[in-house]
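Working notes, structure below.
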Amino acid sequence: MANMGDREKGQKLGSVLEPKIKPFAPRKGHDPRELRSWAKKTGFVSTFSGETERSMSGRRDLNERFNNDVFVDRVDLEKGGLEKHESISPKIEIDPILGRTRDRGVEIEPVRGGGNGRDNNGVLGLRDGTVRGENERRKNGVMEPISGSNIEVQRDGLNGNGNAAANRNGNMNGRGAEVNEPVVEEKKDDGNFDREVGINVYPDGENSGDGGGLNQSPKIICGPRDNPGVVPLTLYGLQHYLSMTGSLIFIPLLFVPAMGGTDKDTAYVISTMLLVSGVTTILHSYFGTRLPLVQGSSFVYLAPALAIMNSREYRNLTEHKFRHIMRELQGAIIIGSIFQSILGFSGLMSILLRFINPVVVAPTVAAVGLAFFSYGFPQAGACVEISLPEILLVLIFTLYLRGISIFGHRVFRIYAVPLSVVIIWTYAFFLTAGGAYNYKGCSPDIPSSNILVDVCRRHAYTMRHCRTDVSDAMRTAAWVRIPYPLQWGIPIYRLRTSIIMIIVSLVASIDSVGTYHSASMRINLKAPTPGIVSRGIGLEGFCSILAGLWGSGTGSTTLTENIHTIDITKMASRRVVEVGAALMILFSFIGKVGAILATIPQALAAAVLCFMWALTIALGLSTLQYTQTTSFRNITIVGVSLFLGLSIPAYFQQYQPNSSLILPSYLIPYSAASDGPARTGNKDLDFAINALLSLNMVVALMIAFLLDNTVPGSRQERGVYAWSSKDEIKTDPASLSDYKLPNRVARCFRWAKCLGV
């Protein structure tokens with residue numbers, strides 16, 4: 001009896017110390033929804049990059065637990081199991097946003113050249129550790145299973161028996177796709193039995209009118225290294241640049257006249273911007289992060305440029321005013337860009353990334369657009385019969401007609417800005433030809449001469465902003481003109497403007513960090529490592545140096561609007577933006593192209609920029625979806641940052657010049673650099689402090705950066721960016737191969753480990 005009692009006690013004790021672990025894949029089948037409960041029973045906890053390091057011992061334990069391979073060919077909901085034919089070792093991963101475990105299947109896909117698709121032998125393999133077609137649906141920060149989601153299966157280039165070699169060691173580092181109530185769907189294309197595993201999280205028709213949020217990973221037609229063909233490359237390349245017309249063309253239409261430039265100067269600055277955008281985009285595509293992102297003039301540099309050009313010494317300058325201001329802007333941009341290059345190429349940006357999170361990025365980017373609320377419509381209001389129809393038309397295209405597809409293309413969503421501009425530009429031409437802006441005794445050719453006539457004085461401003469025939473750029477611009485460095489003269493270097501541009505380059509870097517992360521999620525890539533991000537920021541600094549040398553008036557940075565275009569077109573090929581950039585370089589050599597664009601009425605340009613600035617605010621605030629938006633901590637930080645980001649600059653801007661007659665009313669807020677309250681005894685330092693504290697984006701950045709990094713909050717609550725780690729590169733180098741530099745360049749910079757080389 002005693003022996004039996006001891007035996008029973010030992011069994012009870014053993015049952016406590018050694019719980020019975022059920023096999024992960026029962027013979028009768030496996031329901032993917034039970035994966036989370038299995039992890040809870042076994043006590044398995046995985047790690048994710050950015051919080052804890054991955055250990056090889058943990059992987060060995062995982063392999064020991066998964067002794068039984070799971071053979072997957074298709075999922076049957078009625079049977080609740082997985083059937084045979086493909087061998088996969090499943091993986092549990094913690095959601096980097098919510099911090100909760102989730103099941104992640106591994107997709108089998110044809111391996112292409114370079115590890116991104118199908119190899120030369122046509123054997124199936126893993127796609128660089130990444131998975132195309134990964135789709136997630138989030139609502140209020142919680143993952144939702146979607147009934148009706150389906151798995152699409154294609155086969156391409158299979159070997160004779162239709163099976164493929166799959167990785168059995170359970171050491172999968174790619175991004176898996178979450179499966180919730182999957183439905184099987186097999187496709188055949190032109191008789192070839194293609195195989196590709198993807199997930200569509202939307203029921204049929206639900207996503208017909210919208211691209212979804214940034215947390216979703218839509219199915220991409222072409223990956224970064226794919227080549228869709230010559231004709232699609234050309235069409236999609238033009239499409240990318242046409243969708244960003246507002247940033248590339250309309251900025252010089254406003255600030256060049258404010259600098260005292262002529263119509264010919266405006267045409268040449270537009271050509272210079274097209275050239276710089278094309279060159280810097282190609283450089284970034286080969287040597288930066290290698291994401292399919294367009295580089296160009298940014299709104300980040302526009303506000304400080306307005307502050308510099310409205311300084312006291314330039315207000316009453318009449319002779320060569322444009323060249324003097326442009327040369328000082330060139331010198332400031334070059335100094336600020338050198339700082340940005342050092343920040344990136346030295347690897348210091350990798351350290352700074354620890355403190356840059358969505359709660360910092362969101363109010364900073366939003367403040368970039370809010371900075372022009374006193375400048376936008378006051379300019380557009382000079383001709384409301386043109387500006388109001390433009391604003392209404394672009395809103396109708398982007399909101400009400402966004403779901404309409406013509407020949408398979410969402411024309412109104414992609415071309416909302418250029419389509420509306422062409423329509424309203426034509427409308428303005430008929431108004432001008434019909435005599436709507438003809439005033440008795442006033443000459444439409446030279447509005448400045450009308451200042452001498454009292455009767456025409458009040459009509460001069462309207463004629464200048466509304467008429468389509470006041471520009472003489474078509475008559476004066478050359479047919480062929482190649483923009484060249486230092487075309488405006490030798491840059492002027494001053495301490496006060498250099499300090500301003502150094503801080504502004506930091507704001508531009510933070511803007512680009514958010515764009516890199518969002519773009520990687522959009523095209524179903526793993527997030528880049530901090531070293532790759534540093535490399536991209538460093539190259540952006542180098543590209544801004546080129547912009548300063550050529551004299552575009554603003555620095556060069558990643559255009560956030562590019563993500564919207566990728567989301568709509570599902571075209572993420574690097575070659576697309578490279579071909580588009582080559583076309584921009586070609587157009588920049590044709591002087592009449594810039595001259596035609598320079599004839600757009602200023603009121604029309606201001607109306608387009610009103611929409612673009614509003615879109616910048618929306619894109620900035622959309623970054624908050626990575627965080628817990630219901631958190632009182634987060635909404636308080638964002639609210640305080642935005643309010644003080646508007647209120648503190650308003651305090652500095654209230655110190656107006658002695659005579660407001662020397663500046664238009666919409667430029668008075670940008671005169672605080674010379675008239676602000678800061679008085680330190682050093683004029684250069686006073687100018688820099690007054691200018692920086694009058695910029696909304698700088699104040700919003702300082703407040704958000706300080707609060708987010710000092711107020712306690714969990715990583716999940718703050719939505720900390722989960723960048724890839726160096727351990728993932730060592731374990732699976734192919735998972736980040738899309739960011740890899742060209743082989744010859746990588747060999748030359750193999751020593752630069754801090755840049756992700």
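The backbone N, Cα and C atoms fix where each Cβ goes, and this holds for glycine too.
On a predicted model such as this, the values are computed, not experimentally measured, just so you know.
Sequence annotations record features per position, and here TrEMBL assigns compositional bias 'Basic and acidic residues' to 1-11.
Sequence annotations record features per position, and here TrEMBL assigns compositional bias 'Low complexity' to 118-127.
As annotated by TrEMBL, region 'Disordered' applies to 1-33 (among others).
What TrEMBL lists as region 'Disordered' is 107-128 (among others).
If you look up TrEMBL, you'll see 241-260 (among others) marked as transmembrane segment.
Taken from TrEMBL, the feature transmembrane segment applies to 267-287 (among others).
Summarising the annotation, TrEMBL assigns transmembrane segment to 332-356 (among others).
If you look up TrEMBL, you'll see 376-400 (among others) marked as transmembrane segment. When Cβ-Cβ distances below 8 Å are used as the criterion, the transmembrane segment (376-400) is approached by residues 254, 412-413, 415-417, 419-421, 423-424, 427-428, 431, 436, 461-462, 465-466, 601-604, 606-611, 613, 665-666 of the same chain, each at least six residues removed from its ends.
Marked as transmembrane segment by TrEMBL: 412-430 (among others).
TrEMBL lists 495-516 (among others) with the feature transmembrane segment.
The feature transmembrane segment is assigned by TrEMBL to 576-597 (among others).
According to TrEMBL, the transmembrane segment annotation covers 603-622 (among others).
TrEMBL lists 634-652 (among others) with the feature transmembrane segment.
TrEMBL lists 687-707 (among others) with the feature transmembrane segment. Same-chain residues lying 6+ beyond the ends of the transmembrane segment (687-707) with a Cβ under 8 Å from its Cβ atoms: 300, 303-304, 307-308, 311, 355, 359-360, 362-368, 370-371, 495-497, 499-500, 503-504, 506-507, 510, 637-638, 640-642, 644-646, 648-649, 652-653, 669-670, 672-678, 680.
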(request) Go through the chain and flag residues at least 6 beyond the ends of the transmembrane segment (241-260) whose CB is under 8 A from any CB in it; none is fine as an answer. (result) 266, 269-270, 273-274, 277, 294, 296-299, 302, 305-306, 309-310, 317-318, 321-322, 325-326, 379, 414-415, 417-418, 421, 553-554, 559, 561-562, 564-565, 580, 583-584, 597-598, 600, 602, 605-606, 608-609, 611-612, 667
(message) Looking only at the recorded stretches 267-287, 332-356, 412-430, 576-597, 603-622, which one has the largest tally of CB-CB distances under 8 Å to the transmembrane segment (495-516)?
(response) 332-356
(request) State the residues, same chain only, that lie 6 or more residues beyond the ends of the transmembrane segment (412-430) and have a CB under 8 A from a CB inside it; answer 'none' if no residue qualifies. (result) 211, 239, 242-243, 245-246, 386, 389-390, 393-394, 397-398, 401-402, 404, 466-468, 565, 568-569, 600-601, 604, 607-608, 611-612
(request) Grab the same-chain neighbours of the transmembrane segment (332-356) for me: Cβ-Cβ under 8 Å, and only residues 6 or more beyond its ends, written as numbers and ranges. (result) 301, 304, 308, 491, 493-494, 497-498, 500-506, 508-510, 513, 530-531, 533-545, 547-549, 554-555, 705, 708-709, 721, 723, 752, 754-755
